[in-house]
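Comments concern the structure below.
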C-alpha cells in the first residue's frame, strides 16, 4: 500500500536513552514512500509505580499514520491502567503485577484501545481508513514480555545468537486464514480479501464489521500474541523493527550486523542509522524504523574490531579512487557502476549481515569528494541487481 517517491527521503529521526540497567537507541526513515506512517514508543520507567520497568514499541501504519501515531502515545497507558493488568494489586500486598496479569493486561489493553479508537469521528465515518501493526517489549526486573500484532517483528539476541523472535501475522498462516474464512472473508494473493497484507492490526475498521463476531473473530484481529521470557545474564540486545527492515534482512543477518556494529561504536543511534541505511541500500522500498535495546552483556567496542573496520574503510576508499581514475578517460562513472565493480570483488571483513551495502556510506563519501557535481540518488533501485548476492 502507498505510492513511491522519485528519490528516497533519507533524513532520520533519532532518539536514545538509558536507565533500569539498559540503553536504547532508535532510528526511523521515510525512505521511498510518499508518506511516513511509522511511529514508535520508548519509555524507561513506566508510570503508575513501575519505575523499574521499561517499554519499547514500533508501529507500522498503513493507509495513513493516524492509528500508528495515536497508539505510540496512548497504547502503554491503555495497557497499564486496565483492571486485568493491575489484578495483582487488588489486595494491596503485591508491588508488581504477576506474569499472568501482565500478559492478560497487555491483551486487554490492545482490545480496549482498538475499541476506543473506533469511536474517533474520522475513523468511524470512514474518512480515515488507517491501521497499524504493533510490536513491542515490556521489560521488568525479571522478565521480558514480547508483544506482537501484525508483521513487524522483535528478536532477542542471547549468547551471540538469536534465541527468540515473534511470529508474523500473515493471512496465509493456517490459524489466521481459518479465522478470516470463518468471518466470511478470503485470502487472495496472500492478502485479506486480496487487499490487506496483515491479518492482525489495530485500526483497519473496514475489516472489523462482521455481525455476530467478536473483536478477535473479525477478518482482521487486534489481539496481540504475548510471550514471556525470563531474563538471563546472557541477554545481549533486543531489536524491534517494521517490515521495511525484515523485508531485506533475516533475523540472523540483522543480529550479526548489529553485533558487528556494536563492536565499533557504542553510539546506539549510529548503530540504528547503519541498520536503516543498509536496508535502504539492500533494496527496501518501505518506511523503516528500528529500536535497539541493549543490556549489560551487549557486545562492547573492541580495539581489534575498530582497527579492522578502519582498514576496511581505507581499502574501499582506495578502490573507489582507483576505479574512478581508471574510468576517467572514458568519462566519470556513476555510483551504480562503482558499486557493481566492488560487488564482484572478494572484499574481506565486510560487515556480516550487511555486506557491501553496509559500507555504501563510505563509498558514497569518496565518490562525492571525487565527483562533487554528480547527483547521488541515495537510493537502492540501481543497486538491487549488483548487490543481490551480498
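Each Cβ is built from the backbone N, Cα and C atoms, and glycine gets one as well.
Feature annotations, reproduced from Swiss-Prot:
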- 1-14: compositional bias 'Basic and acidic residues' (COMPBIAS)
- 1-20: region 'Disordered' (REGION)
- 2: N-myristoyl glycine (LIPID)
- 12: ISG15 cross-link (CROSSLNK)
- 23-295: domain 'PPM-type phosphatase' (DOMAIN)
- 60, 61: Mn(2+) 1 binding site (BINDING)
- 60, 243, 286: Mn(2+) 2 binding site (BINDING)
- 371-390: region 'Disordered' (REGION)
- 386: phosphoserine (MOD_RES)
By Cα-Cα distance, the member of binding-site residues 60, 61, 286 nearest the residue listed as 'ISG15 cross-link': 286
Integer mean pLDDT for the domain 'PPM-type phosphatase' (23-295): 96
Alpha-carbon spacing, residue 243 (Mn(2+) 2 binding site) to residue 60 (Mn(2+) 1 binding site), which is rounded to whole Å: 8
Tertiary contacts of the region 'Disordered' (1-20) (same chain, 6+ residues out, Cβ under 8 Å): 26-37, 42, 44-45, 52-54, 62-63, 139, 141, 197, 267-269, 272-273, 276-277, 280, 285, 377-380
Cβ-Cβ neighbours of residue 61 (Mn(2+) 1 binding site) (radius 10 Å): 29
Tally of residues which DSSP labels helix, strand or coil - the region 'Disordered' (1-20): 0 helix, 16 strand, 4 coil
Separation of alpha carbons, residue 60 (Mn(2+) 1 binding site) and residue 286 (Mn(2+) 2 binding site) (Å): 10
Shell list (Mn(2+) 2; ref centroid = CB of 60, 243, 286; cutoff 8 A): 38, 133, 151, 152, 242, 244, 245, 246, 247, 287, 288
Other CB atoms, at most 10 A from the CB of residue 60 (Mn(2+) 1 binding site): 27
12, 243, 286 as recorded positions, winner by CB count within 10 A: 286
